[in-house]
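Everything on this sheet refers to the single structure shown next.
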Amino acid sequence: MSPLFPLILLHITVAAAQLRPGHYLKTCPGAEFVVRDVMEKALIREPRSLASVMRFQFHDCFVNGCDASMLLDDTTTMLGEKLSLSNINSLRSYEVVDEAKEALEKVCPGVVSCADIIIMASRDAVALTGGPNWEVKLGRLDSLTASQEASDNIMPSPRANASLLIDLFGKFNLSVKDLVALSGSHSIGQGRCFSIMFRLYNQSGTGRPDPALEPKFREKLNKLCPLNVDQNVTGDLDATPFVFDNQYFKDLVAGRGFLNSDQTLFTFPQTRKFVKQFSINQSEFFEAFVEGMIKMGDLQLEQPGEIRRNCRVANSRSVNTF
């Protein structure tokens with residue numbers, strides 16, 4: 001993440017007044033049901049895909065607001081966000097959003113934005129894996145372009161510590177509690193060996209493993225990710241990787257966080273109290289997570305937008321562009 005990133009964030013505002021629940025009630029009344037149906041089928045086909053889709057909201061909204069810029073493919077004149085440092089070989093399951101868009105275009109052509117599909121699908125991913133359900137605010141437009149550079153400058157590394165994360169989230173008016181609750185998105189899904197090799201073998205350049213790792217858990221990770229491993233091999237982010245619950249926080253308390261950016265939430269005083277709180281009280285975690293997701297979904301950048309016909313490419317002509 002570049003030290004220049006605060007300059008970019010100055011232009012991002014909370015645009016909650018432009019968004020509202022039920023935005024498509026008149027123009028596409030079944031929109032949320034269509035997206036939920038696609039997500040239910042994705043869960044049956046490949047359970048891991050829901051965790052992947054859920055993380056789209058974070059990777060989209062932190063880069064120039066919630067505008068589906070992360071879904072755009074590269075063109076001859078634009079380097080998009082899919083190959084940015086935080087997304088390449090990490091984000092996956094774009095085809096699930098494609099399926100939702102295709103289904104929506106059949107019933108309501110040119111009405112539902114890809115940015116709103118991300119918001120709905122992220123909510124559904126949580127609800128369908130045992131987490132909370134909530135009413136989402138809709139009415140976003142899709143960006144006309146994307147920026148790999150913007151993503152590289154903003155998105156944090158798996159090596160990030162809590163101090164850096166607190167500062168980053170604060171730039172978006174998200175509190176320390178929001179940071180810890182939203183990190184609970186790692187309650188489901190998997191991470192790559194690539195993201196933890198330094199923790200296992202050279203934490204902070206010491207040539208030693210991260211001392212915060214519980215010894216038996218470290219042994220397990222050493223077997224999963226030996227020095228000669230294909231670093232795209234994946235491991236579970238918590239002990240219940242297909243169930244959205246508070247096990248993630250219990251694991252952090254026990255020194256079994258997969259990523260450095262996870263475990264640091266327990267070792268850092270400002271974040272530790274929320275980790276402990278959520279590890280004991282799942283309902284409190286769910287409530288805080290929903291609040292954080294809604295706040296994150298309000299992030300918008302004042303820029304031209306449209307309703308894309310295909311989430312991977314901007315429209316070839318001005319259709320519903322404002």
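These residue numbers are counts, starting from 1, taken along the chain as shown.
Every residue, even glycine, has its Cβ placed from backbone N, Cα and C.
As annotated by TrEMBL, active site, proton acceptor applies to H59. In sequence order, M70, E81, S86, N87, L91, S151, M155 constitute the residues six or more apart from H59 (active site, proton acceptor) in its chain with CB-CB distances below 8 Å.
TrEMBL lists C28-C108 (among others) with the feature disulfide bond. For C108 (disulfide bond), the same-chain residues that are 6 or more apart in sequence and have a Cβ closer than 8 Å to its Cβ are Y24, T27, C28, G30, A31.
Marked as disulfide bond by TrEMBL: C61-C66 (among others).
Neighbour density for C311 (disulfide bond): within 10 A of its CB lie 22 other CB atoms from the protein chains shown. According to TrEMBL, the disulfide bond annotation covers C114-C311 (among others).
Positions annotated as disulfide bond by TrEMBL: C193-C225 (among others).
Annotated domain 'Plant heme peroxidase family profile' per TrEMBL: 18-315, in sequence order.
Under the heading signal peptide, TrEMBL lists 1-17.
Considering only the disulfide-bonded residues C114, C193, C225, C311, C61 (disulfide bond) has C114 as its nearest partner by CA-CA distance.
Note: the Cα of C225 (disulfide bond) and the Cα of C311 (disulfide bond) are spaced 35 Å from each other.
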